[in-house]
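Noted in TrEMBL for the protein shown:
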- 45-343: domain 'Aminotransferase class V' (DOMAIN)
- LYS202: N6-(pyridoxal phosphate)lysine (MOD_RES)
- ARG352: substrate binding site (BINDING)
Amino acid sequence: MSIPPPNIVDFEIKETLLCGPGPCNLWPSVREALTKPIISPLCDEYFKALDDIRTGIKYVFQTKSNLVLAISGSGHSGMETVITNLVGPEETLLIANRGIWDERAYNVATRYGIKIIVHRIAHNTTFTLEELERQIEVYRPTALFITHGDSSTGTVQKLEGLGDICHKYGTLLLVDTVVSLGGVPFFMDAWGVDAVYSSTQKALSGPAGISPVAFSARAAEKIKNSKHKTPFYFDITLLAEQWNCYGNTRYYHHTLSPPLVWALRECLRQLSIETLEKSWERHAKTTRHFHERVQRLPLEFFVPNPEHRLATVTTLALPKGYNYDDVIKYVEEKHKITIFPGRGPTADKSLRIGIMGVNSTGAVADALADALADALQALVKSSL
Ligand SMILES: *Cc1c(COP(=O)(O)O)cnc(C)c1O
């Protein structure tokens, strides 16, 4: 044989507190769920698990819609599903751009021949509904893409009322809730959202790889009447049959990963037991406490207006003279906490600190604030 077997050596993996913009540590029960048996995709337990997931997704998105299911893939797969099923080639997508996820939406949409209009604002702020309406009124796009919580900038976008504005002009509202779902209030039906996707690896405290999506009745109608071809793997019409969205279909589209099915089911079960209200409250309280502690340090919020700050991801600028990578390395090595550098608009301008899911506790907020205080002191001393 020309290629000999490789010597793949096992190694120990050190576990840290994951306090970046994702991934997040797992709920203990989710870790357990990942080791549940692999089952046949034709047995009752499997169908029951999918049904449980669909009920859980309806709850976390707060929707009565039947077109809800999970896509096999990370958050990006949800993005590609939502865009490609609702906007055909030559149709127009308006992208409200304030961070890297909106750039991603642009990259996805260009590959499918979709016409794109980009509306940009400063990265440390959010959109007013009035400016979005002006854009929609001028361009009359098929859909508006907007990110609810932006993990590249640490902002949360107000969405209440935006659905009505979109619908006035025949526009669909598409929303990314990857880093906000479970951590920040979101109401799909009440806010008139037509398509939404999320991910397990952020505030749901699960592993990446399976992503909840939901479509409104208006979106379902658009899909039904669409002539354009969607990518096979993300074809929501076929997936709706696989997930039995309308009753009595059990179609084989692709093999879902059983560990991820069990994990997502457990994430949703965990959130249902805690309740959304309690989870939102816990995230708000923890981050409020963290921000109070941070205010006593020589750090500056990248997002000046407290109302625009996201409860799950905080962006903080270091004082002059400090190096972002040094601080991150120090916090990781001395405190076993992983935080992230900025990305896109926040690159070299900010730290990105995520406190979400299982990690949203006062103890974690204190550990982070202590670690940052220590790093700021130690690194100044060492550079003298
Ligand atoms: C992390 C993130 C994504 C991408 O999710 P993946 O699971 O990495 O594909 C998309 N949108 C937002 C807002 C995110 O924070």
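Each residue, glycine too, has its Cβ placed from N, Cα and C.
Considering only the recorded positions LYS202, ARG352, the Cβ with the fewest other Cβ atoms within 10 Å is that of ARG352.
When the Cα atoms are compared, ARG352 (substrate binding site) and LYS202 (N6-(pyridoxal phosphate)lysine) turn out to be 14 Å apart.
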